[in-house]
Amino acid sequence: MNPQAKLISTTSLLLGTSITISSNHWMTAWIGLEINTLAILPLISKTHHPRAVEASTKYFLTQATASTLLLFASMINAWFSGQWDITQLTHPMSCMLSTVAISIKLGLVPFHFWFPEVLQGSTMTTCLLLATIMKFPPITLFYLTSPSLNSTLLTSMAIASAALGGWMGLNQTQTRKVLAFSSIAHLGWMTIILNYDPNLTLITFYLYTVTTSAIFLILNTTNTLKLSTVMTTWTKIPPLTTIFMLTLLSLAGLPPLTGFLPKWLIIQELTKQELTATATAISLLSLLGLFFYLRLAYCATITLPPNFTNYMKQWQTNKPTNPLTTIFTSLSIMLLPLSPMVLTIS
């Protein structure tokens, strides 16, 4: 890709995200979302592969639909209440339409269909952007409108996302699709607590972003796209593969790693709200995700070549490790002791 075009796309991506997260007017938030959509499309289709073109087309159509619904919801709200302020979402129809629109943008069940396919057709770096930065503006809109949203609808979508994300990830052999369904399952955890403690939704998103970024950067360094290739990474960079295993277990939410913190706090808050059945259900559904994280960790560290699957033998990589990989992996493994400070900041 042309460096100038890449710079323009990246700058527009940051600009669109900044406009949306800092706006309190529906029109400026919508403009920021549109800038984001247009900025990421060249990055998705830059390889000129048919899968990449397909992914960019699916992404454009779903995001355009979501943006139209969001604009329609804000116009209905302005028509009945005279308010364009994001926090003044009062009309029931506007609340429902905005929930649907933001869910499409995030990839929540039942609007998840586009997300795994788009990630599968993109490069690892673009997947990292789609799974982290591109979810920040919709999560911010959810945060700002959380007092007006229907808790029953959000809880149903959250439970469905956690169930489908874990269930569909079980039989995947492509690492990008595994991480796509992992993202859907984590969105369920973020959404289920939105009505009761929106700050906890943001903390969960931040920690998910750190952990997922570490995994994508490691996979990009080792050039790993399939589970059969994961089995050969131990012979290329053993220390990085060990860290990869710990980061996967952190994403699964096992103590004493960082990923345990948001799940622990969410279960605690749901129990305080006397939603013990909901907390139990989403905790049990997270075991599905734990299974495929353990399978990835098993393939990376315990299964050593030679094996009986057909794959191309890869020699030790000469690609230097990105400094960001070290930072993100350290945070995703060792942040749990700092949890009192995280809670104080929030």
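Counting begins at 1 with the first residue displayed.
A Cβ is built for glycine as well, from the same backbone N, Cα and C atoms used for every other residue.
Now, the feature entries from TrEMBL:
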DOMAIN    23-288  domain 'NADH:quinone oxidoreductase/Mrp antiporter transmembrane'
DOMAIN    290-342  domain 'NADH dehydrogenase subunit 2 C-terminal'
TRANSMEM  59-79  transmembrane segment
TRANSMEM  91-115  transmembrane segment
TRANSMEM  151-171  transmembrane segment
TRANSMEM  178-196  transmembrane segment
TRANSMEM  202-219  transmembrane segment
TRANSMEM  240-261  transmembrane segment
TRANSMEM  281-304  transmembrane segment
TRANSMEM  324-345  transmembrane segment
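Same-chain residues lying 6 or more positions outside the transmembrane segment (178-196) and placing a CB less than 8 Å from one of its CB atoms are 106-109, 112, 115-116, 119-120, 127, 131, 135, 139, 142-143, 146-147, 149, 151, 154-155, 157-166, 168-169, 172, 204-205, 208, 212, 215-216, 251, 262-263, 266, 269-270, 273, 278, 282, 285-286, 288-289, 292-293, 296.
Here the transmembrane segment (202-219) has Cβ contacts under 8 Å with residues 124-125, 127-128, 131-132, 135-136, 139, 143, 175, 179, 182-183, 186, 189-190, 193, 225, 240, 243-244, 247-248, 250-251, 258-259, 261-262, 265-266, 322, 324-325, 328-329, 331-332, 335, 342, 346 of the same chain, all six or more residues outside its ends. Of the Cβ pairs linking the transmembrane segment (91-115) with the transmembrane segment (281-304) and spaced 6 or more residues apart, fewer than 3 are under 8 Å, so the two regions do not touch.
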